[in-house]
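Asks: Before I ask anything, let me first share the structure, which is written out below as structure tokens.
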Amino acid sequence: MSIHVDLDLIALVAAIVGFGVAAQFLAAKYRVPSVLFLIVAGIVIGPEGLEIVTTETFGDALSTIVGVSVAIIVFEGSFRLEFETIRDAPRAVGWLVTVGAVLTFVGTAVTVRLLLGPSWDIAFLVGALLVATGPTVITPILAVVPVREAVAMTLETEGIVNDVTAAILAIVLFKAMTAQELAPRGYIFLFVQRLGMGILTGLVIAAVVWTLLTRVDLPTHAAPQIARLLTLAGAVIAFAIADSVFSEAGIAAAATAGVTLGNLELPHREGILQFSQDVTLLVLSFVFITLAALLEFAELLALGVAGLAVVGVLMFVLRPLVVFVSTAGGGFSIRERLFVSAVGPRGIIPASVTTLFAIRLRTDTPPSDPAGADILLGTVFLVILVTVVIEAGFARQIGAALGISRSSD
């Protein structure tokens, strides 16, 4: 019996990976972000479709699978974040990832609190998670709309930095909920404690990987392969070590290891980057399809008109406000600022981390809050669905209407 179940699970995993590869092919063919096809595939095989994947399919292992997957995705994004790129990036990037992130965080939390009425804890969790835009949805858009380099660099850097910021901030807030620590000093301590542990672990692992790659004499024929595998292993090990000490420090460790190794001289760097991107595509496909499969429309419908109002405020009020404040005097035209305002789809980081939180909130262990979990999961996934469909799905048309693509100049 157990063999039969295992074979079924293996077949399911193979099918999900197959769907993911098909999504990447369709995305490249039709020049739209792959996230659209991944979400559709997940819904088709989930409870709202064929019911092949349910919350019981992966059991307790789901949170571990998602956690490691997020670490790999964050590592790959951080690995591409070069200090030279940050220095050369427009001034607007610094404002977007600081002032803009704070405005998005607070503005989203207040909007969710006023329109949906959850506790402030849940509202701020939603706010933290929706700070992220992310390279997984931004990069495909920029492949479709060839904008000026300064605009592309701004969107890419914002996505990578805010992905990491959102993940760490949300996890620290959730830990504060778990500890039932509401004093500002407690939040600061938890943030510094976990961020510090993550940074320390990431730096140590990065140093070890760099030493092995540059100081150990590897066989010439095997060196490229070992470099690729060792770097990926470093990401997972950094996550695992930090997470075993503080369960919320793993993401910070993976991000630190990624950005550190990405800015060091490494042999076979291009091969490492390509391999990391390929692995990330598979992991991304698996996680996004699986998470979309767990989505129940009842959770979205339960939000009603208020849920759509939240999405509307985020898309048409808060995002433009943040962008216009952050890019003031930054050398962008009005049309370019409007395009950046229109391109803020949310992706894998909010989806995956939200699922982890929802699983925990639906247990009897404090901070148990099933109703809050429904609002958290429903709101975040509704924002993801609407922003991906509208902002990512119609990015090419938006760019053409504004006349900001280089091909139309």
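Every residue gets a Cβ built from N, Cα and C, even glycine.
Since the structure is predicted, the reported quantities are computational estimates derived from the model, not experimental observations.
In case it's useful when we look at the structure, here is the feature table from TrEMBL:
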- 6-28: transmembrane segment (TRANSMEM)
- 19-390: domain 'Cation/H+ exchanger transmembrane' (DOMAIN)
- 35-55: transmembrane segment (TRANSMEM)
- 61-81: transmembrane segment (TRANSMEM)
- 122-147: transmembrane segment (TRANSMEM)
- 159-179: transmembrane segment (TRANSMEM)
- 191-213: transmembrane segment (TRANSMEM)
- 225-242: transmembrane segment (TRANSMEM)
- 248-266: transmembrane segment (TRANSMEM)
- 278-295: transmembrane segment (TRANSMEM)
- 301-326: transmembrane segment (TRANSMEM)
- 338-359: transmembrane segment (TRANSMEM)
- 371-390: transmembrane segment (TRANSMEM)
Asks: Which range out of 6-28, 122-147, 191-213, 248-266, 338-359 gives the transmembrane segment (371-390) the most CB pairs under 8 Å?
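Replies: Answer is 338-359, with the largest number of Cβ pairs below 8 Å.
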Asks: Can you work out which residues elsewhere in the same chain, 6+ from the ends of the transmembrane segment (191-213), have a Cβ less than 8 Å from its Cβ atoms?
Replies: 168-169, 171-172, 175, 227, 230-231, 234, 237-238, 241-242, 245-246, 248-258, 260-261, 264, 266-267
Asks: Give residue numbers and ranges for long-range contacts of the transmembrane segment (225-242): same chain, 6 or more residues beyond its ends, CB-CB under 8 A.
Replies: 67-68, 71-72, 75-76, 197-198, 201-202, 205-206, 208-209, 212-213, 218, 249-254, 256-258, 261, 266-268, 271-272, 275-276, 279
Asks: Would the transmembrane segment (61-81) count as touching the transmembrane segment (248-266), i.e. at least 3 C-beta pairs under 8 angstroms with sequence separation of 6+?
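Replies: Since 3 or more Cβ pairs under 8 Å link them, the transmembrane segment (248-266) and the transmembrane segment (61-81) do come into contact.
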Asks: Among 122-147, 278-295, 301-326, which stretch has the highest count of C-beta pairs below 8 Å with the transmembrane segment (61-81)?
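Replies: It is 278-295 that shares the most Cβ pairs under 8 Å with the transmembrane segment (61-81).
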